[in-house]
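Peer 1: My structure is below; once you've seen it, I'll send some questions.
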Amino acid sequence: MLQRHSLKLGKFSIRTLATGAPLDASKLKITRNPNPSKPRPNEELVFGQTFTDHMLTIPWSAKEGWGTPHIKPYGNLSLDPSACVFHYAFELFEGLKAYRTPQNTITMFRPDKNMARMNKSAARICLPTFESEELIKLTGKLIEQDKHLVPQGNGYSLYIRPTMIGTSKGLGVGTPSEALLYVITSPVGPYYKTGFKAVRLEATDYATRAWPGGVGDKKLGANYAPCILPQLQAAKRGYQQNLWLFGPEKNITEVGTMNVFFVFLNKVTGKKELVTAPLDGTILEGVTRDSVLTLARDKLDPQEWDINERYYTITEVATRAKQGELLEAFGSGTAAVVSPIKEIGWNNEDIHVPLLPGEQCGALTKQVAQWIADIQYGRVNYGNWSKTVADLN
């Protein structure tokens, strides 16, 4: 059987050929952990440090296609030292969350967007694509096994990390003939335990996160390691993250590992503008980014707001700040949802970003965070953004 998937990747497209059996959730095998753990107190949950009792693994080979999905006790992987993931970075991942709702159910937030992006990442580095809905079903079954470990309370959730790695043996560089797709989950607490905490950024042009024709719009592990050193260098100068600039124009692209938004005031028209960089192949197609844009276009008054995806520069930000036209700025991502910004270091000066009096965020930042949280925790229904995967009743 030959499974064909045609995926658009930036300015070009790849038709992937996933030979053999398709991914099939009905073939799931479950081996339960004989030593189930008890939920940890919420105050002990640190991002990505606590894991649930089970994991999902699905092998793939070019000859056989997708193998039997297996939910089994969380544990180590056994790989050959020559596996291509170790030598040539055949690796990609996703990040999404599941939430307890007032109806005592557990829902995943927009999993279809994550699966679509994961398939794009896989196709770009010649790893196998898969049937998105089947992986969503399997992830739901994994969550159901450990539903007692999904934390309760505003700001608490279950972080889900689907990962795919090339496992082919040998040191030759080429298309992997074997791969492993696995999913692990981690109970997590609020990114900001005591409410918002605005961050200081260093505008960075000496290092480049992504470039045209590259893979900056894909969620590959290889995109992240090179960004740590510039972050450490910024930290020595008192900044928490890098504001990534690109090109001679110093276009603003992303912040740290997040998409970034700015709010400007047009003093001539009196309208406010929410702006973020366009998806030109250098920007990660963030699910939270898309959620912010969709909600802003749906809920903000178009007579008072313009919502734009356009190029803008650090010079524009600095100039408009001096003119009193910079109103607020924030990053967006799965971990924090929104992360308010208070200062940006550039040319040996700090650009000050306004915050609400006595608070650590701007007005729109606060509103966006509430909109998204209400949907994630089941207080508000919005489209098909929440998918129920377990019932606790």
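Yeah, the Cβs are placed from backbone N, Cα and C, and that goes for glycine too.
Pulled these from Swiss-Prot:
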TRANSIT   1-16  transit peptide
MOD_RES   Lys219  N6-(pyridoxal phosphate)lysine
MOD_RES   Thr315  phosphothreonine
Peer 1: Could you tell me the C-alpha distance between the residue listed as 'N6-(pyridoxal phosphate)lysine' and Thr315 (phosphothreonine) in angstrom, no decimals?
Peer 2: 29
Peer 1: For Lys219 (N6-(pyridoxal phosphate)lysine), what is the tally of other C-beta atoms lying within 10 angstroms of its C-beta?
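Peer 2: A 10 Å sphere around the Cβ of Lys219 (N6-(pyridoxal phosphate)lysine) contains 21 other Cβ atoms.
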Peer 1: In sequence order, which same-chain residues at least six apart have a C-beta under 8 angstroms from Thr315 (phosphothreonine)?
Peer 2: Lys250
